[in-house]
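Each remark here refers to the structure printed beneath this line.
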């Protein structure tokens, strides 16, 4: 199923923003949310949930989205993830993304089933698969976070973040066991195996 504008068109009197996040599951790096307000007169081909698009297709769609629509980014840091938990940090990133928009939305469609105190926010399960605005936001969030992890990889190359984007691949987990964790790792995240939690690394080359 390709995402469509049915929900947006059902709310034609509203300024509708779609919101999605990237990076809830990784062992390292921030969680990133994007908010997108689409211009319904400009439809971009290939807009789908970012997870089903190739990297090159995501990059191409990202350029078109950011050149055609209002969009913004919200980030919750590793420190906030460890302090509040990943769910609350994700909600924080989503709220920040909406606040950072240059236009104020009157309705906010969010992928998933999170609850927000702001009554503008409406959660839609599998929204990234059915809602064009949310799908657009999923692409912007994913590409933005991947680029952040590319930058962090240059600082700590042994973890392979240029390939795994902080997710728990064998290479990444083995590197944590060998070298310990960095300031960019989520110490609140647990997985099988022994980790040296006290080894906070400086720059590695």
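Including glycine, each Cβ sits where the backbone N, Cα and C put it.
The record from Swiss-Prot ties 20, 21 to divalent metal cation, and of the options 111, 118, 146 it ties 111 to that site too. Around the Cβ of residue 20 (divalent metal cation binding site), a 10 Å sphere holds 30 further Cβ atoms from the protein chains shown. As a whole-number mean, the pLDDT of the domain 'RNase H type-2' (14-201) in this prediction is 94.
In the three-state DSSP assignment, the secondary structure recorded for residue 111 (divalent metal cation binding site) is strand.
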